[in-house]
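What TrEMBL records for this protein:
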| type | residues | note |
| --- | --- | --- |
| DOMAIN | B:3-186 | domain 'Survival protein SurE-like phosphatase/nucleotidase' |
| BINDING | B:ASP8, B:ASP9, B:SER39, B:ASN95 | divalent metal cation binding site |
Number of protein chains: 2
Amino acid sequence: MKILLTNDDGIYSKGIYALYEELVKIAEVIVVAPITEQSAVGHAITISDPLRIYEVTRRNRFFGYGVKGTPADCVKLAFDDILTTKPDLVVSGINHGANLSSNVIYSGTVSAATEGAMLGVTSFAISLASVEYDDFSVAAKFGSFFAKYLYGNKEINHLLFNVNVPPLKREEIKGWKYTVQGKTRYLDTFEKRVDPRGNTYFWLTGEKIIDDNGENSDDKAVKNGYISVTPLKYDLTDYSFFKEIDKEELKWEE
Amino acid sequence: MKILLTNDDGIYSKGIYALYEELVKIAEVIVVAPITEQSAVGHAITISDPLRIYEVTRRNRFFGYGVKGTPADCVKLAFDDILTTKPDLVVSGINHGANLSSNVIYSGTVSAATEGAMLGVTSFAISLASVEYDDFSVAAKFGSFFAKYLYGNKEINHLLFNVNVPPLKREEIKGWKYTVQGKTRYLDTFEKRVDPRGNTYFWLTGEKIIDDNGENSDDKAVKNGYISVTPLKYDLTDYSFFKEIDKEELKWEE
């Protein structure tokens, strides 16, 4: 098995290293990840600046390729210029912090996996659902398990998954389940400040609001001690809309 | 009708001004848009830097608020700190260039509308489907028509739309239709160059490949002279997946 490993916390982060250490036990792993942290870049790509690739050493040996760009850039560039053959799997993570519910659309971690899926390769994003807890070992082990699981079960035949691992010890985790993207939203608040020159500026803070506690939602699963695995797609069309419309009405008269 | 108008080409761009001129004829319009161009930022939000708001003048009068941030930042900040009451509509555009098929997921223009929808307000993104053609007048008129249409037809009851207007004269446009996100993809290629200090860098170029020519796709509609209106959603769950899985299998044994 050949795996392209990337993330959005950056190639020097703890999460990608923990996952790398587990994945190299079962596969050939090529690391191509941003040189610097890219959190909340969403599905950004770099158009107006050139991309640069650096060879990165960790613990005194070659670790992978650092790219001055976004997670999506890393995957595009890896497929076009670094990998000699297509990988069997694209894995993005381990992100330090949850990518659940409406936050999925801001996620650079998920966008890298989406890019892999768009290139036709089975892909998953994996996140440790806490910014405080920093033991990545359980999430790394599940990442390795899930990579093997997808590789060994070709009949699953689905390209894109979003995995969130609760911040718990192995024995505290109840299992894993397929979930749907929850409807929990965040109420954004900005803190207004004045700089030394008298100019106003704003910091994004944010208070969680619970809109959704659906039995099968990603948040709920993690809250209840399960690893959440959500099958995603990148076709954003709301097909349910088409049942409701009357096609005869579509005129544009001024 | 009260409209929040934003974009990702920036508050000084031609497209937002053309749309503004049409919208002010039918509504109160508050402009909150990025100070600089933000193309291909996807659904990025700014976490690590503070946001700043500047009052922007165009043609010698106050035009709107410029934000040093992404399109999604503009919408968040407008709702939290600029608008005194919720708008009836969030409009994002006119983008100079298409936001069709797989490119929808990279689109800052669409992400601003998505942000509006997530905040519970009917929203649409509007793009002129050409980077060469720069007559925004037809797209601006359609934007104004569509704003009135959504405002006057509450029974539509859908929050998020992606509009693409072909680069044609008014009389050449055949009409408008609801479409689905096409499956056309872009084959990414990078041009490798060497800088004066001998370091390699890469520019993203890109060649279009046609995967999809489905009768109801957004690309096809635009190609055939129709304005494309795609109903979108931001729940990325692939619900079709759940029909296929056997829930009994979900064990994690190492």
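Glycine is treated like the rest: Cβ placed from N, Cα and C.
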Same chain, 6+ residues apart, C-beta under 8 Å of the C-beta of B:ASN95 (divalent metal cation binding site), given in sequence order | B:ASN7, B:ASP8, B:ASP9, B:GLY15, B:SER107, B:THR109, B:ALA125, B:ILE126, B:SER127, B:LEU128
Take every residue in the domain 'Survival protein SurE-like phosphatase/nucleotidase' (B:3-186), average their pLDDT values, and give the whole-number result.
-> 92
Cβ neighbour count within 10 Å, max among the binding-site residues B:ASP8, B:ASP9, goes to B:ASP8
B:ASN95 (divalent metal cation binding site): secondary structure state under DSSP, collapsed to three categories | strand
